[in-house]
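Enquirer: Supplied in structure tokens, the structure appears directly below.
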Amino acid sequence: MRLTLLLAALLGYIYCQETFVGDQVLEIIPSHEEQIRTLLQLEAEEHLELDFWKSPTIPGETVHVRVPFASIQAVKVFLESQGIDYSIMIEDVQVLLDQEREEMLFNQQRERGGNFNFEAYHTLEEIYQEMDNLVAENPGLVSKVNLGSSFENRPMNVLKFSTGGDKPAIWLDAGIHAREWVTQATALWTANKIASDYGTDPAITSLLNTLDIFLLPVTNPDGYVFSQTTNRMWRKTRSKRSGSGCVGVDPNRNWDANFGGPGASSSPCSDSYHGPKPNSEVEVKSIVDFIKSHGKVKAFITLHSYSQLLMFPYGYKCTKPDDFNELDEVAQKAAQALKRLHGTSYKVGPICSVIYQASGGSIDWAYDLGIKYSFAFELRDTAFYGFLLPAKQILPTAEETWLGLKTIMEHVRDHPY
């Protein structure tokens, strides 16, 4: 066992230059507003290099923060001095990363000459190869649309599911934040589900006889590759700009939806950096241009992780959208359908009230463009693993998410506008 762990650690060093040995994820539940303000001040202390996986919002809501080993004692002493209770959610982040890397390498060996394993995490190259396989195996149903290239010149490939004709469309994307690996895996499983079950599953057949589906499994390909090869905790794009040594923009703060407002940072080194202007990121602009040119997209759905949430506009402001009642009803039904499979509970509501105010988000942009059915999923889990969800949870996550997606898609089909 010791040799196995040593090998895994060595492989982690080779494949992922930045290690997180001794880093801990703390769970904090602030009890009042003063503690919220204190945690927000702590978040602003850049020298501590804290990574807030779940930021402070309101009293009683859980906060998760990854604390580098070098800052652990200082942070714990500070929390105790302020009377803020905490517990350790992840004892050593690197242990989970080593296990994750070992599982990926084992799966790569197992897949050689065999079938694609949808219950494993994959490289970008492997994902793109499987997308090509789906197109080749389903020529009358699935095609590949290239939106262009990422900042580092990787293709942005979309799968189009269509039975022909000029139909209204549903847009579904995943992986806009690089480190949220379960979203890319869920999207690819969903693509296979749609392709495999058309013609035999009445629900999928009915949907595709009425609607086209455009699915982008990896919205941020550069960030995804970087998260696998260099820094597992990477969130942003990989764009570079003169005058700053910090790399990347938060692509879900870069849309033209109250750009630069609350919940987005003007600091290029922040994980929530909104970028120099709306749509500055080629990955965002490519989607914007495609959606606008298509002209008949009726639903815009994006997959994130984690926290088990199903949200709709608005994020950039805390007022209800005009279609609040309908969006809330659809989301509640989708969450109920999802829960029936494995008992996974989702919280439902507008972004601003469910998590926090955040400007420049994709579904706010889509809704303001006139795409009424705009939703964001935050997939599993709520604690324990955070962004490092074990591969064994990919399948149940994808299966239950599909039930929520299907509920939304059926509503879109039955309520044309």
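Even glycines carry a Cβ here, placed using N, Cα and C.
The following feature annotations were taken from Swiss-Prot:
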BINDING   His177, Glu180, His304  Zn(2+) binding site
BINDING   His177, Ala178, Arg179, Glu180, Arg235, Asn252, Arg253, Ser305, Tyr306, Tyr356  substrate binding site
DOMAIN    120-412  domain 'Peptidase M14'
SIGNAL    1-16  signal peptide
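How buried are these features, and what lies next to them?
Expert: Around Glu180 (Zn(2+) binding site), the same-chain residues six or more apart in sequence whose CB sits under 8 Å from its CB are Ala174, Leu303, His304, Ser305, Tyr306, Leu379, Phe387, listed in sequence order.
If you take the C-beta of Arg235 (substrate binding site) and look for same-chain residues 6 or more apart in sequence within under 8 angstroms, you find His177, Ala178, Arg179, Gly223, Gly248, Asp250, Asp271.
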Enquirer: For the recorded Zn(2+) site, whose residues are His177, Glu180, His304, find every other residue on that chain with a C-beta no more than 8 angstroms from the centre of their C-beta atoms, and list them by sequence position.
Expert: Gly175, Ile176, Ala178, Arg179, Thr183, Arg235, Asn252, Leu303, Ser305, Glu378, Phe387
Enquirer: Within 10 Å of its Cβ, which one of these binding-site residues (His177, Arg179, Arg253, His304) has the largest number of other Cβ atoms?
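Expert: It comes out as Arg253.
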Enquirer: Test of understanding: give the count of other CB atoms lying within 10 angstroms of the CB of Tyr306 (substrate binding site).
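Expert: A count of 24.
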